[in-house]
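Noted in TrEMBL for the protein shown:
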DOMAIN    A:6-117  domain 'Epoxide hydrolase N-terminal'
ACT_SITE  A:183  active site, nucleophile
ACT_SITE  A:317  active site, proton donor
ACT_SITE  A:373  active site, proton acceptor
């Protein structure tokens with residue numbers, strides 16, 4: 001297979017910047033009910049402020065933001081062939097540690113995430129120190145996200161996303177590697193573990209661990225209510241969070257898994273529509289993370305300027321739901337060691353006993369007092385520390401990649 | 001209560017027309033998967049064609065469309081006070097029959113419907129004939145729809161919508177009346193029946209009848225699957241349609257009932273976003289209705305140019321779900337006669353036995369071989385035919401409004 005790797009720098013054409021500005025200038029806002037707070041969705045005051053900042057300030061500084069992104073993220077593209085889907089040109093970040101035998105690690109994002117989520121953990125992971133292991137880091141942009149091409153055919157599901165991640169690691173010379181993922185990244189790295197482990201994938205870590213029945217997606221709430229009396233306060237709070245998500249936070253999921261194209265017209269055409277759709281998650285899914293307007297707008301701009309357009313990013317929900325009508329909390333076991341980080345504002349926070357029962361190869365657990373769904377962005381030190389403990393000397397996954405322990 | 005009624009004509013400003021054109025000209029379309037068909041949502045080719053037509057042709061003829069709307073639908077506004085919510089200025093259609101003692105009928109639309117849904121049934125309902133009853137027709141624009149104001153406070157639910165409909169009828173001098181409604185109109189006219197019947201609301205008719213347990217919104221699908229072996233082919237097809245809706249067609253409902261403001265940013269700002277969101281329903285919820293582009297765009301334009309903006313229209317899902325967490329298929333009984341029309345492409349099609357069990361005052365039923373959710377628009381003759389049978393001489397609801405038999 002020929003090496004199609006090419007260095008990549010984000011470089012949004014002037015006419016795209018101009019188009020976005022024009023659209024923003026024509027924004028028509030809805031009104032809002034009195035005292036709506038966040039109950040009805042993303043608050044109007046936030047959205048208006050962000051929209052105006054995007055239009056009046058952020059975009060005129062785009063080239064600075066872009067330069068900083070390119071500085072923080074050494075990026076590349078290369079062609080990856082996917083069985084039945086042809087060749088996709090995949091965008092990724094690749095940063096090697098100065099430690100030659102660093103542990104090769106593939107980081108996989110989800111929705112509404114992107115390669116951007118690795119921004120803070122990247123320098124920490126590659127950092128050289130006798131105190132902790134170092135990693136060579138690959139951050140893939142899933143097909144349909146960031147600057148990766150999207151599949152053109154129907155049926156691109158978890159096995160295909162896993163194939164991309166795996167083949168990318170092989171193409172970069174990492175025949176054996178470990179993975180870290182949350183959200184779709186968790187499902188995908190789990191699939192990588194099942195399909196390519198233990199031969200290639202040696203261990204995996206997730207910040208969105210799940211367990212099976214009695215599982216909230218099957219909703220025996222009467223049972224859960226009964227169980228609430230036998231759970232610890234933390235576990236009860238976790239189930240309440242889970243219940244909130246399943247009842248109040250699931251609308252986007254239902255639409256994206258049934259009519260992604262319909263939603264796609266709004267996401268592709270309306271900057272404020274895209275902003276609202278994603279910003280609501282940035283707030284509701286995090287643990288009071290103090291988003292700056294620039295942070296939010298960089299996050300959204302990646303979606304707005306993405307190679308495949310924002311509508312492509314939501315098709316994964318349709319494909320995976322179609323292929324897994326029984327739900328995602330099945331077939332959880334993997335043949336390789338797994339590590340979990342538990343953050344209190346994750347979306348499915350299940351009793352530890354349920355999680356352990358579904359993950360017989362669980363070798364590492366770490367519980368955090370704060371943090372939510374976007375762990376790498378919200379709690380980079382917390383997450384990296386967990387990876388260092390799991391893969392470091394004395395840790396349960398130390399040396400899983402032969403010859404690449406992460407130390408000098 | 002002072003009479004604040006004023007005649008109303010739709011008259012969209014040049015500014016608004018120009019803004020819409022500008023936005024349409026800047027439309028950024030998504031791509032689409034090969035062979036997606038309608039599986040992933042509204043098809044790209046349709047949406048592109050409609051968008052371009054909207055921009056290049058339809059809007060330049062808007063004044064003609066507007067004039068025809070104003071001609072077909074005599075409109076008014078008046079202030080209606082709603083307990084706890086202050087005064088809302090309500091838009092409605094009001095057309096009297098030449099038959100003095102016509103039956104007063106309130107028609108209530110749903111989402112993504114509007115007063116427009118009454119366009120075809122209006123002339124049929126008011127028509128004078130010895131063969132069938134005539135009606136005085138009121139088609140209210142629900143608060144947040146058409147050219148009615150929207151509530152500003154939280155908590156405006158089915159009780160409040162019912163209050164608006166009832167008070168409007170009283171204000172128009174119809175102390176006693178009947179109602180017809182589908183979608184939210186079914187819930188609202190049912191509420192009117194419960195709150196204001198039999199004193200004011202005398203009988204009600206719906207094209208979206210419901211029944212109780214085992215109910216699809218509680219989803220005991222294993223039970224339903226078992227039952228499938230005991231149902232007629234039509235009933236099986238109906239349950240499959242219902243299942244399709246609950247599994248594939250429910251995304252909009254979940255988003256609108258939990259995060260309507262989030263969705264509202266898209267609907268308010270993006271004409272193509274609004275078009276896609278609603279057009280998908282116009283196709284999926286009807287029985288192969290041959291929509292013309294003009295029809296679709298008039299429908300969507302009413303939403304785009306609505307007084308409260310399209311985001312206001314979806315809040316009803318949040319409010320009613322919040323107030324009714326146990327679901328909509330409860331508290332179905334009413335103290336007045338009810339009539340049902342069954343259309344095969346409705347969204348919830350339940351076995352007749354379940355419906356009858358939940359509707360003890362059911363006096364009229366009519367089954368149709370074709371037609372879907374927007375019955376008044378798709379099958380106007382059929383729907384009016386049913387109303388004429390229900391309320392006509394020899395019908396089960398003949399003379400329910402004393403002195404106003406429709407003849």
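Positions of Cβ are set from backbone N, Cα and C atoms, glycine also.
Small disclaimer: the values here were computed from a predicted structure and weren't measured.
Overlay of TrEMBL feature records on the structure.
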residue : record                       : Cβ neighbours (10 Å)
A:183   : active site, nucleophile     : 23
A:317   : active site, proton donor    : 21
A:373   : active site, proton acceptor : 25
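In the three-state DSSP assignment, the secondary structure recorded for the residue listed as 'active site, proton acceptor' is coil. Secondary structure of the domain 'Epoxide hydrolase N-terminal' (A:6-117) per DSSP (helix as H, G, I; strand as E, B; remaining residues coil): 44 helix, 27 strand, 41 coil.
In the three-state DSSP classification, residue A:317 (active site, proton donor) falls within a helix. Each residue contributes its Cα atom, and for residue A:317 (active site, proton donor) and residue A:183 (active site, nucleophile) these two points are 11 Å apart. Residue pair the residue listed as 'active site, proton acceptor' / the residue listed as 'active site, nucleophile' shows a Cα separation of 8 Å.
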